[in-house]
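Visitor: Structure below; questions to follow.
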Amino acid sequence: MSLTFRWILIVLVLGWAIYAIIPLSEKINLGLDLQGGMHIVLSVDTDKAIEGKIDNAVTQIRKDLQSEQLEYTFVRKQNVFNVSVGLSDAADRQKVVDTVEKNYPYLTQVGLDDNDKTILFGIKRADETRWRQDAVDQSIEVLRNRIDEFGVAEPLIQKQGDNKIVVQLPGLENPDDALNLIGKTAVLTFHLVDDNVTSEEIKAGVKLRPYDAVELPYRMTDPVTGNVISNDVKMVVKSEPVLTGSYLMDAEVMVSPQDNRPYVAIKFDPTGAKIFEDITRNNLQKNLAIVLDGTIYSAPTIQTVISGGEASITGNFTFKEANNLAIVLKAGSLPAPVTVAENRTVGASLGDDSIKSGVTASIIGFILIVLFIGIYYRLSGVVANIALVLNLLLILAVLAQFKATLTLPGIAGIMLTLGMAVDANVLIFERVREELRRGRTVSNAIDIGYSKALSAIIDSNLTSLIAAVVLFQFGTGPIKGFAITLSVGLIASMFTAIFVTRTIFMSFMYKRTIKKLSI
């Protein structure tokens, strides 16, 4: 490679680095430990996800048996993992088993009792494991959609263990709002109100018919202030929803022209719109309860057939409440409830202290390295220091170009790579010294020194690079930050220590004979 081409390549790389890095404050995102924010560990209740699938299976099994004209005394959830079916005639046992196992391949017969009239079905272990994993993976996607709508820059959302999710929200200004947004399950369902049970009967403790009706709290608000005044009022609704939020296509905040209060306007996809239209057509003058996370928000009377798939959720919301509700509905419901297992808030002042400490330590370390190299290797040390500055510039440029997040471990990774870049120069310079002591010319000593040190430098950096890749693959946020800066720094150090310094030495010796090298 010609000397001219070498300098063209170096200038191009340097120009790109400067372009990528300016202005630095707008190009590199700071991590949670540097700018403050929230660190949350969520635990996903995967049992609830399985229970929801069992509930759906129970409802559908009843319909299947009825369509097959197989009589049964009951179909009910035995526990989270099992469904029991009571038969009117033991002779139908095999037909029932075949019907259930055909339509629900994740269920298999695990027991039989009561004179062959009660069949117990259980979830297959492989399907249970898959459902648990899917619940966590789907929760991560839903949380990511919600947080993106919330407007947090560079959030970290990743799986931890079997059923935990780590969420880091750097630079967050409203942690309470974010926590409410993240933890809301947001299961939206529509139920017909059961008019057969009166409020007096509810107060008297009348027993509801199993599998037909369920008692839910009604969110009562003050019509003047909009504050929630009670969730103790009960309303009886049909247990099976007539429509779910899975058909929801959009949700946005609107303001009522009558009372200037915000509400959430929702729109269903074509399938949901058709279902909603059929519901309103077949249930005129009946009340339809809008239920979110097990609480009734409103139960308007169906006055006319509603086509177009549009509805509204009212509840005397504040604008912030309505906006958060629209966000969670639009992002979708969590497949299972989540609870906060750990919640840490890092203040901005602590982040500023971390930045100052990290920057101070980096500057001191960098100055000490430069001084040592300059004093110990003299003019050759100056060449190494030029390469060292370019190395640091390249690391910051790559981080800025890919909008990577810089953390304290990331700063540690930068300092480590600078040290390794110095180590590469030390190997080269010591080899050159050995060749000079053997009486070789400066030109030959440099050529042989670089040649002999090359394999050791590449081996050392490649093994470190492999370790960095493993850390990135299996580590958490801070460890990933360390791995990224370490990887970028290792590649940059090989370029600067081997290519840049060699080019500078070649320029010194171009068309001249140097008899003594300051090294």
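Heads up, the Cβ atoms here are built off N, Cα and C, so glycines get one too.
Sharing the record's features from TrEMBL:
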| type | residues | note |
| --- | --- | --- |
| TRANSMEM | 7-25 | transmembrane segment |
| DOMAIN | 136-195 | domain 'Protein translocase subunit SecDF P1' |
| DOMAIN | 232-336 | domain 'SecDF P1 head subdomain' |
| DOMAIN | 340-507 | domain 'Protein export membrane protein SecD/SecF C-terminal' |
| TRANSMEM | 359-377 | transmembrane segment |
| TRANSMEM | 382-402 | transmembrane segment |
| TRANSMEM | 408-429 | transmembrane segment |
| TRANSMEM | 450-475 | transmembrane segment |
| TRANSMEM | 481-505 | transmembrane segment |
Visitor: In the domain 'SecDF P1 head subdomain' (232-336), how many residues does DSSP put in helix, strand and coil?
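Guide: Per-class counts: 29 helix, 37 strand, 39 coil.
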Visitor: For the transmembrane segment (450-475), name the stretch out of 359-377, 382-402, 408-429, 481-505 with the most CB-CB pairs under 8 Å.
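Guide: It is 481-505 that shares the most Cβ pairs under 8 Å with the transmembrane segment (450-475).
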Visitor: Name the range, of those listed as 7-25, 408-429, 481-505, that has the largest tally of Cβ pairs under 8 Å with the transmembrane segment (382-402).
Guide: 481-505
Visitor: DSSP says what for the domain 'Protein translocase subunit SecDF P1' (136-195): how many helix, strand, coil residues?
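Guide: Split by secondary structure, the domain 'Protein translocase subunit SecDF P1' (136-195) comes out as 24 helix, 18 strand, 18 coil.
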Visitor: Averaging the per-residue pLDDT over the domain 'SecDF P1 head subdomain' (232-336), what integer do you get?
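Guide: A mean pLDDT of 83 is what the model gives the domain 'SecDF P1 head subdomain' (232-336).
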